[in-house]
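Peer 1: One structure, pasted below without further comment.
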């Protein structure tokens, strides 16, 4: 290697598109790579949310025109190979022009052509799968990638190139104090249990409609913080209107500071997206997961099982959320000692150094 090659910063192209579940972990890794002196670029789709999220991040974006190929019409399926080929050549052109040294794919439609382009150019590829069930693109790329990162164990068949890293999470979440200390402090102060309900940015209609009636049946003192989405505030508030005196309820359209919300919660009730499960484990909070029933390959149930199987969480399928089932479940959980034990188990299965672990693997390629 020449002196000029040694002095040239490593150029890493990130590939992540479509959803925050792909983009946020990739962004955490990208920022850490930049801090270590790497040059970072991003392969994106023209209309994906990654363009908005990266607007102020000082990361140049290069777009290729690609869409999904699963479950679409006949004409689109027939055209798909040509679109993939065109997108692959576009990605190859960018990679050659930028002299990319390594490619890191975090999922989304863009990663398929991008990973293929890197392979054809002899550029090493790392992929990262956020869910417990591999997405279509990552499942295909795992065959050609040099390094395969999985957030949850056994997502991919065992191999020397498969590494369980966990999901990269924000620093604010990894900095949350230990669950034992938090729960014990609330217990000693005689505080009511804090129940946090999170439905995501749009809210989860099933949680908003079915949880209030069940929670109103409980007889212990509770502080309920229910994040329901901007469009469902009035309807959700109405369901709590006749709440008994033992309940204190706050209905919120969204939560600005999730780290604070996690740290103050004794129990969280939420969906089981990959990043949510990872943040719950990292924060150390007892959880009831209600997997999204329409999730591809039922991956949210698989995500939730990561914590449920070790006693850190309960799973309640949306189809079984009757008042009787919910009342029985919540009555069992209204015990801070039990919730403390669950929260401690959750923290024990967290991987707070996931971001640096993935960065180290990229640097070694």
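Just so you know, glycine gets a Cβ as well, placed from its N, Cα and C.
So Swiss-Prot lists these for the protein:
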{"type": "BINDING", "residues": "19, 20, 21, 131, 170, 201, 255, 274, 275, 276, 277, 278, 279, 300", "note": "UDP-N-acetyl-alpha-D-glucosamine binding site"}
Peer 1: Let me spell it out: for each of the binding-site residues (275, 277), count the other Cβ atoms within 10 Å of that residue's Cβ, using every protein chain shown. Which one has the most?
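Peer 2: Within the set of binding-site residues, the most crowded position is 277.
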Peer 1: Within 10 Å of the Cβ of residue 279 (UDP-N-acetyl-alpha-D-glucosamine binding site), how many other Cβ atoms can be counted across all chains shown?
Peer 2: 25
Peer 1: Taking the Cβ of each of the binding-site residues and counting other Cβ atoms inside 10 Å, which one has the highest number: 21, 170, 255?
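Peer 2: Answer returned by the neighbour count: 21.
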Peer 1: Relative to the Cβ position of residue 19 (UDP-N-acetyl-alpha-D-glucosamine binding site), how many further Cβ atoms are located within 10 Å?
Peer 2: 16
